[in-house]
Amino acid sequence: MLNEAIEQQVIHNNLEIFERIEKEIRVASSEILVAAAWFTDNDLFTLLGAKADQGVKVEVIVADNKENEKLDFQELIRKGATVLKVKNVGYGMMHQKFCVTDRKIALHGSYNWSVNAKKNNHESIIATNHKGTVDSLVSNFLDIKQKANEMKAEPEKRNIKSLLTSIFAKKKDSAFDDTAEETISPSFSHKPAEVQVEKVSQDFRTEYEKVLDSMIAAEVSNFDRGLLRQQGYDRAKANNGDAQVLTKALDSVYSVFINEINVVEDKKNRLITKIEEQKTKSIIAQKETLELQLNTIEEECEISKENLTTKIANLNSQITINDKEVEGIKKIKIPAVEELIRGLEEKVKIAEREFIKPALRLFELIPVAILTAGLLLYIIMFYSSAAYILLFSELDAKLQEMSGSPIEPAEVFNPEAISNALGKGWSATFFIFLFVFLPLAFALAGRFTQKWKSIVGMVLIDIAIAYKVAQSVHTVNYLGGNVDVKWEPLMVFKDVNFYLVFVLGAGGLIFFSYVFDKLMSYFEERNPNMNFIKNQVYLNQLKDEIQGHNVTVTSLKEEIEGFEKSSIQCRTEILICEAELDMLPSKRLGLIEKKKTESAIKIQHIDITTDIYKSHIENDNLPISVDSMKDRINVFLEGWNDFLHDEYAVAKAIEKSSLAAQVISDWQEQKLNNNTLDRRIKA
């Protein structure tokens, strides 16, 4: 235990406190000590009952009040637990709240074992395996128990030493009569209520008496076992194994036994010498044990002191670390975040001001407007020409061929496309102008959808138009004899007209899309509704950022609270450690005094018991165990059974042996029950 790591935990959450107490009770295997001012929690009560049923030693001390009448503590007592209700233990009410399991784990603090403590109150406990704390609480528990029992018992205080001395004095004056014998002899005392002796002293006293009894039995009760066995054989032979005569035979054995324990002077001197030697050995052994115990106490106290000093230093270091963390958060982290919040709030104030329409920048607007108009006119002219070539160029070439007129070479742009379309009727002219809207729509689609989709659309439509225009131009030139090969689809990759139409068309559309967006932006900037919407979005973004920073500040403050709580816990533990350090010298002295007192009492027991036994010997009043008498009877019976098995068949011998054993049992029972044994024989 000296080298075992100290584990200690401070728990503030009520539910966690309950769960820790419940856990320690469940794992307890030998002993549970509970001291609680209020005990109304049925869950813990039921758990203690279950542990008592399992054979675990359960002892409970509660205050004697009305609240503690809600649970049936008699049920615990019926299961083998010890329950003690007390009003006070000294100068005030019983207000303890702790639990010790297996004398290894201690739980102590402000937590009562009540429903209110579990659900409503703000409580805290310390759970520890610190040996000094555990031993102190166990000592406190036993002290409360002793004081409570003393208050219930007779008020007269008894001193062990004076009582034993007075007993010895009575022994000398009593002339060892039967009445005095019953009162004095440590082996025959039947009045434990009159002599309150510590258990350790009683155990030691009993062990010492057993040693002396064995010495006396070895010296006084020695006999020839072979001779006695032969006597049993001869007696059975003389009576043919008739069990009826066993009673008289046993009386003879008993009479011889009593005559032999009447000690002669020589035996007395040998016994007294041996008892004196045993006394000296026991006293020396007790002194050596005391010295070892005192050395152990010194070592344990020194180790406890070192552990407590180290723990205090570690706790102070933790407090210093916590203080630095708190200082860093308060002086650096929180001010930095608050500065960001102030900046964002200033931006919000600016954004919330009335919208001011921007000035009209004519030096940019006029060139952009002219460029936009020019590109629009270019697109109309170019794509109307492309539409005419697609629709009518081949037809015009065939009509010229039929009329015998020479076919003019075709180009990618027909400057007379609009005038020629007017000659073909209003529907042809109207369709040519409508055709222009198709590429123009792709150019403007970027304002309503993603820009890349608009560009892909312009490229694809322009590739299709360029292919058809290149095909139509090649076909017209073929009809006019300008080329010798008919149009093939793969020829498009080698046809210059295809690339020319694609570049002129796609380039115009892309440039028009860009300058049109630029032109529209001038008007959108001056549109109050549009700017209001943008401003609202901007304000919402700023407010979201402010809220995020506020959450950060709150989190930092919670960190500060956590560090401060940790420091408070550390300071509490430091106070506990310092209190233990202050108590260590007095505790050391108390333990030393206790061991010395126990040793003195044991040595006193040795002296007094030795004197009593010497007095017994001198007055021919030796205490002999009844087992010595039974041993003689058993040896006699062995000789009796030897004859039966020599004389009779096995079944008959067993039958007679059983009958003989029953007669002996009845004889012994009669002697014991009728108190006809010699007074020196101890049952």
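One is the number of the first residue shown, and numbering goes on along the chain from there.
Glycine too: its Cβ is placed from the backbone N, Cα and C atoms.
Quick caveat, the model's predicted, so the values are computed rather than measured.
Copied over from TrEMBL:
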- 90-117: domain 'PLD phosphodiesterase' (DOMAIN)
- 261-354: coiled coil (COILED)
- 365-391: transmembrane segment (TRANSMEM)
- 425-445: transmembrane segment (TRANSMEM)
- 496-516: transmembrane segment (TRANSMEM)
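Secondary structure counts, DSSP: the domain 'PLD phosphodiesterase' (90-117) has 3 helix, 12 strand, 13 coil. Here the transmembrane segment (365-391) has Cβ contacts under 8 Å with residues 410, 412-415, 417-418, 420-421, 428, 431-433, 435-436, 438-440, 443, 465, 468-469, 472-473, 501, 504-505, 508-509, 511-512, 515-516, 518-519, 522 of the same chain, all six or more residues outside its ends. Within the model, the coiled coil (261-354) shows a mean pLDDT value of 85, rounded to a whole number.
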